[in-house]
Amino acid sequence: MANVVVVGAQWGDEGKGKVVDIYTEYADEIVRYQGGNNAGHTLVVGEEKVVLHLIPSGVLHAGKRCVIGNGVVLDPEVFIMEVNRLKAAGRLEDDSTLLLSESLHIIMPYHKAIDIAREAKSGDKKIGTTGRGIGPCYEDKIGRRGIRLMDLIDPVAFSRKLRENLEEKNAILERLGEEPLGYNEIYRTYQDFAEILKKYMADTSLVLSKSVAAGKKLLFEGAQGTLLDVDHGTYPFVTSSSTCAGGAATGTGVSPREIHEVVGISKAYVTRVGSGPFPTELLDETGEKLRQVGGEFGATTGRPRRCGWFDAMVIRYAVRINGLTGIALTKLDVLSDFETIKVCTGYRFEGQELETLPAKLETFENCEPVYEELPGWKVDITGVRSYDQLPENAKKYVRRLEELAGCPIVMVSVGPRRDQTMMIKNPFGE
């Protein structure tokens with residue numbers, strides 16, 4: 001029996017949704033532990049593309065319990081829309097398997113209004129927020145002003161907390177040049193949401209602990225990526241939650257001792273959305289080629305992603321921070337049309353080789369990547385179903401990345417569909 005965490009090993013958008021979808025077959029329960037609807041997991045089921053922003057990818061597998069933990073911030077409207085869309089598509093016939101932590105925090109209209117207004121006034125210092133209120137909601141959580149799901153379904157508590165928050169938030173909005181928000185409409189709308197959400201509410205920490213005691217296999221689904229972690233990422237160009245494997249414990253109330261395997265998801269190259277340092281970024285036709293061939297446009301925002309060569313410094317950092325036991329390598333097929341492929345093996349700053357990623361932003365922004373060049377394979381590999389059938393140069397590329405990462409590659413993906421995946425080792429031990 002193993003409980004497995006899946007984390008992004010780069011700056012997000014690595015293909016976690018597909019990997020989680022595949023691992024779900026071996027898990028009993030799938031748990032989302034951080035972030036909000038700023039994340040988008042794209043899955044291809046048959047010929048159908050499914051994009052999920054809040055609900056764990058395991059929802060596409062009948063009978064699997066899906067849990068949204070206390071570390072998540074939830075936009076009720078988005079959650080309800082996602083549930084209804086899944087039901088209409090015949091993907092969620094029994095929603096009793098879907099649980100929400102009573103302790104998760106609720107995204108309010110003022111969070112979104114403040115998020116958008118701040119970003120608009122940031123000029124060239126934009127973080128690249130999605131404008132969905134994620135950061136301001138986490139601010140209220142840390143500031144002990146937040147509204148939790150248990151508060152939302154208590155009309156008296158919700159009314160009091162809403163009035164207190166509006167007094168403060170409207171003052172902020174007015175300073176930002178925005179119109180204040182009214183109490184009545186928000187109260188009525190969110191009480192309607194509460195009527196729908198209360199059926200899903202549970203003490204999910206207790207539920208999950210009982211599942212562990214009963215020998216159930218848990219799969220923890222992370223959002224974003226290691227380099228977007230609020231503590232360990234490229235601060236301040238990060239998200240507002242703990243995206244690393246440690247967040248799986250704090251974001252669910254499951255003991256860290258009950259986490260046995262951590263799989264980091266990495267593209268065979270690197271992408272990033274929004275601002276922030278990116279040493280291997282390609283601003284030429286090669287970067288544009290990666291973007292077009294890889295379909296590198298955000299599932300949540302549609303924004304074009306910045307693209308660059310594989311960065312072993314980033315992956316080694318992710319291995320160390322998360323305690324990765326394996327790497328799932330995605331989008332290897334995107335590199336099939338390159339004569340040669342570069343891999344960043346290290347950084348130089350002011351002539352000195354760096355041992356690890358620099359914590360100081362100004363240093364990171366001015367790092368010079370050290371590259372080695374590997375031969376490409378110039379063969380379409382999207383139809384390959386066995387690792388041994390990959391072209392020799394593709395296997396050499398995978399082996400070199402494994403050496404540089406210091407961690408075994410346990411899965412290779414050569415396309416968006418489930419069947420375009422080669423599982424070298426199953427973290428659930430099956």
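Just so you know, glycine gets a Cβ as well, placed from its N, Cα and C.
Per Swiss-Prot, the features are as follows:
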| type | residues | note |
| --- | --- | --- |
| ACT_SITE | ASP13 | active site, proton acceptor |
| ACT_SITE | HIS41 | active site, proton donor |
| BINDING | 12-18, 40-42, ARG305, 331-333, 413-415 | GTP binding site |
| BINDING | ASP13, GLY40 | Mg(2+) binding site |
| BINDING | ASP13, GLU14, GLY15, LYS16, ASN38, ALA39, GLY40, HIS41, THR130, ARG144, GLN224, THR239, ARG303 | IMP binding site |
| BINDING | ALA299, THR300, THR301, GLY302, ARG303, PRO304, ARG305 | substrate binding site |
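Taking the features listed in Swiss-Prot, we show where each one sits on the structure.
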residue: GLY12; record: GTP binding site; Cβ contacts under 8 Å, 6 or more apart: ALA39, ALA223, GLN224, GLY225, LEU228, THR243, ARG272, VAL273
residue: LYS18; record: GTP binding site; Cβ contacts under 8 Å, 6 or more apart: THR42, LEU43, VAL44, THR330, SER413, PRO416, ARG418, THR421
residue: GLY302; record: substrate binding site; Cβ contacts under 8 Å, 6 or more apart: none
residue: ARG305; record: substrate binding site; Cβ contacts under 8 Å, 6 or more apart: ASP13, THR271, ARG272, VAL273, ARG291, GLU296, PHE297, GLY298
residue: VAL414; record: GTP binding site; Cβ contacts under 8 Å, 6 or more apart: LEU332, ASP333, ILE381, THR382, VAL384, GLN420, THR421, MET422
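Among the binding-site residues ASN38, GLN224, THR301, the residue whose Cβ has the fewest other Cβ atoms within 10 Å is THR301. Spread of the IMP binding residues is 34 Å (greatest Cα-Cα distance among ASP13, GLU14, GLY15, LYS16, ASN38, ALA39, GLY40, HIS41, THR130, ARG144, GLN224, THR239, ARG303). For the binding-site residues GLY15, GLY40, PRO304, the greatest number of Cβ atoms within 10 Å around a candidate Cβ is found at GLY15. Under DSSP, THR42 (GTP binding site) is assigned to a strand (E or B) in the three-state scheme. Summary: among the binding-site residues (THR42, THR130), the fewest other C-beta atoms within 10 A of the C-beta are counted at THR42. In sequence order, VAL273, GLY274, PHE297 make up the list of same-chain residues 6 or more apart from ARG303 (IMP binding site) whose Cβ falls under 8 Å from its Cβ. In this structure, LYS18 (GTP binding site) is part of a helix by DSSP. Summary for the active-site residues ASP13, HIS41: the Cβ-based neighbour count within 10 Å is maximal at ASP13. Checking each of the binding-site residues GLY15, THR301, PRO304 against ASN38 (IMP binding site) by C-alpha distance, the shortest gap belongs to THR301. Take the Cα of the residue listed as 'active site, proton donor' and measure to each of the binding-site residues GLY15, THR130, THR301, PRO304: the nearest one is GLY15.
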